[in-house]
Each structure stands twice: as structure tokens, then as C-alpha cells.
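Novice: According to TrEMBL, the record shows the following:
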ACT_SITE  Cys80  active site, proton donor
ACT_SITE  Cys80  active site
ACT_SITE  Cys211  active site, proton acceptor
BINDING   Asn14, Asn71, Gly81, Asn82, Asn152, Asn184, Glu202, Arg203, Gly212, Thr213  substrate binding site
Amino acid sequence: MGGIEFLKGHGTQNDFVLLPDPDGRLDLTRARVAALCDRQRGLGADGVLRVVRPSAVGLESAGEWFMDYRNADGSIAEMCGNGVRVFARYLVDAGLVDGTEFVVGSRAGDRGVRVHADRSVTVHMGPARIIGSSVTAVSGRELSGVAVDVGNPHLVSFIDSDVADLDLRTQPAFDSDVFPAGVNLEFVNTLEPGRLRMRVHERGVGETRACGTGTVAVVAAALHLTGTDTGESTVDIPGGTVRVTIAPGESTLTGPAEIVARGELDEAWWSAADRS
Ligand SMILES: N[C@@H](CCC[C@H](N)C(=O)O)C(=O)O
């Protein structure tokens, strides 16, 4: 029997293992996802994107393909903004969709995507809803933040000192009464009007070099703090730069998406990974 097909890709260095599984045959357990994402004993990635038909896994979408996203620790998350760009890039490259504009299903709802000739991808990310405020603590400092729902939860803290100086090697504290299912934490410098710099500590992963939903959250929060709900901004993250637009009930994210490699997982490794 042959191995299990995989691809490796990234969007602004937020990296993923893609598992083409149209008929939902893979037993994608938490242990297997964590093993795949482990940078020593697996392929290494921030998350897994299973490419599956929604009907095969009993999920609703008007799209032909569903992005079944898992964090590196094996937990399921609703949405991944960098992942959906890489997912769309793969569907186009593999000839699994007609044209370059289509809908991708996610647990946060359907997302319209457009794959551009320069290989960047624009995603309609849905509403970025300001849901309140909360606090976090990092590098010995307590910081207040704006809570934003982009299908998944975010807390955005603007700081005056350079975000590069924060220690994000361990989980920053957050209020689990406000975020019972955990939260993605963004730390932001305003460089100039329309240009932000961000670092992120992702739920279920740790610090990553980019978070697409996080960049949408920070632009929505920045606009909210200046008393508006409409605008756009560039966001610099350690892994590159993306462009975000925000309007009432809608947001877009544009950035690069790359497929780096493809191959086959060893069947024996896959079986054993469920017991690791
Ligand atoms: N990297 C992603 C977000 C992935 C999910 C997140 N860690 C969560 O648990 O909500 C992105 O690009 O949006």
C-alpha cells in the first residue's frame, strides 16, 4: 500500500502540512496532528490543513472543498487566515477548482478567495467583531487589549515599546473567564497611519511568524480605537507583510501563499503516531 500524500506550504512563514483527503478517509487524531507538526519527530508545522469535501465529514459549506484546520497541538480551530490562502493556492495548482475565484468552507463559515496572477491570494474573511476588552500579561507587564472575534478569538494589545523586545517563548497570561476556549494574543506597534507591526502568540501553537486572522483583528482594533469601523492597513509580521481592509460586516486579507514540497508519509510512521 502506498503512503499518505502530503504537501508543505506557508503563508508569510505561518507553515502548514496539507493532507489531501477528499473522501475523509484519514483518521486525523489529535496525536497524529501533534506528531506531524513536531519539528523534530515529524515534518514540522504550525498547523494541519486537511483538504476534504464537506459532505465527507458531515460539515456544511456551499463550497466544493472544506479546510479542516488543526493547530500544532492537535486542537481544532475555527479559522486560519494564512492557512486558507495556502489551501486556495493548492486547489488551483492541483486543478481541483475551476478558475481562480471560489469559496472555501471553514468552521467559521464559507470564505470567498481569489488567487491572483502574482501568486498572492485575497480572502474575504467575514466580519471582524469587537467584543469587548480584557488584559494579558507578558514580560512582567500587564497590558490591556481589545477583544476581537474573527471567527476565532483574539486579544489585541497596542504597546509603546518595540514588540521585538517581548518574550513570547511561554504562554502569556489571559483571563479564562473572558476566553474559556483560549485566545490568540497579538502585540502591536503603530509605525505610522496605515502601517502596523505585530507579533503573535497563537492558541494551540505558541509564537508563530504570522497569523492571518490576527492581522485582521489588529486592523479592526486599531480602527476601533480611533473611533471608526472602516479602513485599511498594512501589517508587518516577522514572516512578511499582508494587507487588510475592514468594513462593517466584512474584511479582506491579501498576502502570499507558497507550496514548498510534496511527498508521502510513511504508513508505519502514521500508524505509530497515533500512539505517540
Ligand atoms: N495561524 C492562523 C490561526 C490559526 C488558529 C489559531 N491558532 C486559533 O486557535 O484560533 C491564521 O493565520 O489565522
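Cβ coordinates come from backbone N, Cα and C, glycine included.
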Novice: Which one of these active-site residues has the most other Cβ atoms within 10 Å of its own Cβ: Cys80, Cys211?
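Specialist: Output for this query is Cys211.
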Novice: Within 8 Å of the Cβ centre of Asn14, Asn71, Gly81, Asn82, Asn152, Asn184, Glu202, Arg203, Gly212, Thr213, which other residues of the chain have their Cβ, at the recorded substrate site?
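Specialist: So the additional residues around the site are Gly47, Ala77, Met79, Cys80, Gly83, Val200, Val205, Thr208, Cys211, Gly214.
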Novice: Relative to the Cβ of Asn152 (substrate binding site), which residues of the same chain, six or more apart in sequence, are found under 8 Å away?
Specialist: Ala77, Glu78, Met79, Ala108, Asn184, Arg203, Thr213
Novice: According to DSSP, does Asn14 (substrate binding site) sit in a helix, a strand, or coil?
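Specialist: The residue in question, Asn14 (substrate binding site), is strand (DSSP, three-state).
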Novice: Using only C-alpha positions, which one of Asn14, Glu202, Cys211 is spatially nearest Cys80 (active site, proton donor)? These are the recorded positions in the record.
Specialist: Cys211
Novice: Could you check what DSSP calls Gly81 (substrate binding site) once collapsed to helix, strand or coil?
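Specialist: Once the DSSP labels are grouped into three classes, Gly81 (substrate binding site) ends up as helix.
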Novice: Count the Cβ atoms, other than its own, that fall within 10 Å of the Cβ of Gly81 (substrate binding site), considering every protein chain shown.
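Specialist: Summing over all protein chains shown, Gly81 (substrate binding site) has 30 other Cβ atoms within 10 Å.
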